[in-house]
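Straight from TrEMBL, the features:
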TRANSMEM  12-31  transmembrane segment
TRANSMEM  89-109  transmembrane segment
TRANSMEM  129-155  transmembrane segment
TRANSMEM  176-203  transmembrane segment
TRANSMEM  318-339  transmembrane segment
TRANSMEM  359-377  transmembrane segment
TRANSMEM  397-415  transmembrane segment
TRANSMEM  442-465  transmembrane segment
TRANSMEM  471-493  transmembrane segment
TRANSMEM  537-559  transmembrane segment
TRANSMEM  565-583  transmembrane segment
TRANSMEM  642-664  transmembrane segment
Amino acid sequence: MALLSEGLTQVLIPVAALIGLAFALLQWFLVSRVKVSFTSSDGNGCKDKLIMGEEEEGIDNFSVTLKCAEIQNAISEGATSFLYTEYKYLSIFMGVFGVVIFLFLGSVKGFSTESEPCTYNTGNMCKPALANAIFSTVAFLLGALTSVISGFLGMKIATYANARTTLEARKGVGKAFITAFRSGAVMGFLLAANGLLVLYITIHLFKLYYGDDWEGLYESITGYGLGGSSMALFGRVGGGIYTKAADVGADLVGKVERNIPEDDPRNPAVIADNVGDNVGDIAGMGSDLFGSYAESTCAALFVASISSFGVTHNYVAMSYPLIISSMGIVVCLITTLFATDLFEIKNASEIEPSLKRQLVISTVLMTAGIAVVTLVALPSEFTMFSFGTDKTVKNWYLFFCVSMGLWAGLVIGYTTEYYTSNAYSPVQDVADSCRTGAATNVIFGLALGYKSVIIPVFAIAFAIYVSFSLAAMYGIAVAALGMLSTISTGLAIDAYGPISDNAGGIAEMAGMSHEIRERTDALDAAGNTTAAIGKGFAIGSAALVSLALFGAYVSRAGIETVDVLTPKVFIGLLVGAMLPYWFSAMTMKSVGSAALKMVEEVRRQFNTIPGLMEGTAKPDYATCVKISTDASLKEMIPPGALVMLTPLIAGTFFGVETLAGVLAGSLVSGVQVAISASNTGGAWDNAKKYIEAGNSEHAKSLGPKGSDPHKAAVIGDTIGDPLKDTSGPSLNILIKLMAVESLVFAPFFAAHGGLIFKWL
């Protein structure tokens, strides 16, 4: 018997979620103490103003401060407007796809309201298929809504904090770091606590109807993961197209052709670029990691429900994935205090080590937390469902499974950092290749990306082998959960990057001194590397989540073995391996088309607005924002449709075995393409920053800004932008979304799928 009682478990999980929400609100309160408004004494009410930090010589502090408030407002309005429009389209998709889920699952038994024999818990009666259809649809809508809220709240917090970080930079780099990191922590804790609380409440509400039918209950809960990831896909693709169209347009015309600094207020695309950081890197990443968390939890719960935990109705053991997430919130809370309260940042060189220290501290503390949870929540021995047989598992096996995922995440994070940080030789070699032009820069960057795949793939493979050997598919599901258990810290580090990037842009546009810009650049450079680490975590966890969902799908669809030698499976394998390339082609071309329009518009404004280059006339920011918005909303539909329709078409027309091949193929090739794309783009970006910073003799020999090597580096950076911020991050959603969609629709495919092979 487990040491933890059922009553205590039912209290601990929501309490941990509420602690996470309370901590997020505390961090938001601390950030909000850098005031943005005041009531004027002349009775005119509220007027935008940011409290000034230290005075800067030779600069009109009051006008600069008002300028900061004005820019912050423009970025916030642009991001809010885009997300409202995007969510308006997505609400239509949610409604339509909800109906599709209901019709497909309801038709499995002809919309029967009669109870039926359970699939796994033989001898017992389970709720009708119609109930599964209704509750899966409700879970899908709840998951989608939670994903949207997670992304939107993240964006609002980031746009709230960017100018505050800029102003705190006047007091020193340490103050600015704490403001940016606290803001990231607000998003991290809100998302983790929100996801856990909504899932916990959903399970308990569904249980009112399902009662003892845990098999049906947790099968319908998988819709929650599908909802989360489907919203994440559109958020990631739409946001990625938006931000990179603006970024490429701003860089190519501003830096290369006009030789003006990044984020120069004369550049017409500069506001769209800063808005893009929030809708792509913040809202998109938030929805993406929420989707991974929801799917890994749902996969673990489903496998557990058809194992001894579900059969014997062991609530505490069944809740093991939720207790792990609860422990993760507490561990991340302690970890955050190390960055904000216990260690003070005194100079720029301490920023990156401080962020990396967060990863190590959270991983070490979480390992101890997993040991405690495993000891108190699980019986000493139990059985796990493993493709038709029951595997005997000891509780300490699961400790190793979860820890394996957790430490594999750290290995992937550190490998990503080695290949994308300009502190190490791979990026310095890419920067050095810029001496001979953009072509050699591109060759070196691509080679770096391909090479960076090796260690992460071995880490994922090792984690899979150990986890599956110890606890079958449940082991892989909890390994994915282990990698995501420190999601609050991971997201805080990840959101910190775009907030710092925005802060630097605001400093440049507001005309602050060079010293302030240097401080924000130092924050941004560290953020760039940590963003790459975040993407590494997202891709690694997506691989484990997809495999766990794949196992659950194979079990639910009644496939005994997936034999690659059978033509049905092999054709699926080939098509699945091709899908990441098709998807990447769509997203890359979308960014290219939108960037083309952006470049033409920016050139037009520079050529036709008198006094723009001299700084005496203002550019038309709104037109550039509109180009990015229109392009992203239009272009996100085809890639999204490809991912959402592939499992439906493959399962309905070619059957469950071909679909199993498609899922395996997309997982294997998608992970490789995603890692190489993200790391190539990150390396090109940091090679450019290495030359711009000029912090070493080698870097100085390649600079300064505007030199031929720098221009070659900017071209590499613009090629890498859609790779690291659109295609790469979206691919991890592709592999896990197709897997969770297949699992949700598995009853329909098993009953009515394979129409073409039936006709032949």
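For all residues, glycine too, the Cβ spot is worked out from N, Cα and C.
The list of residues near the transmembrane segment (565-583) in space but at least 6 beyond its ends in sequence, with Cβ under 8 angstroms from a Cβ of it, reads 639, 642-643, 646, 650, 654-655, 657-670, 673-674, 727, 730-731, 734-735, 738, 757. Of the candidate ranges 89-109, 359-377, 471-493, 471-493 contributes the most Cβ pairs within a distance under 8 Å of the transmembrane segment (397-415). Distant neighbours of the transmembrane segment (471-493): 20, 181, 184-185, 187-189, 191-192, 285-286, 289, 292-293, 296-297, 299-300, 303-304, 307, 320-321, 324-325, 327-329, 331-333, 335-336, 355, 358-359, 362-363, 366, 369-370, 384-387, 391, 393, 397-398, 401-406, 408-409, 463-464, 530, 533-534, 537, 540-541, 544-545, 547-548, 551-552, 555; these residues of the same chain sit at least 6 beyond its ends, with a Cβ under 8 Å from one of its Cβ atoms.
Of the recorded ranges 89-109, 176-203, 318-339, 359-377, the transmembrane segment (12-31) has the largest number of C-beta contacts under 8 angstroms with 176-203.
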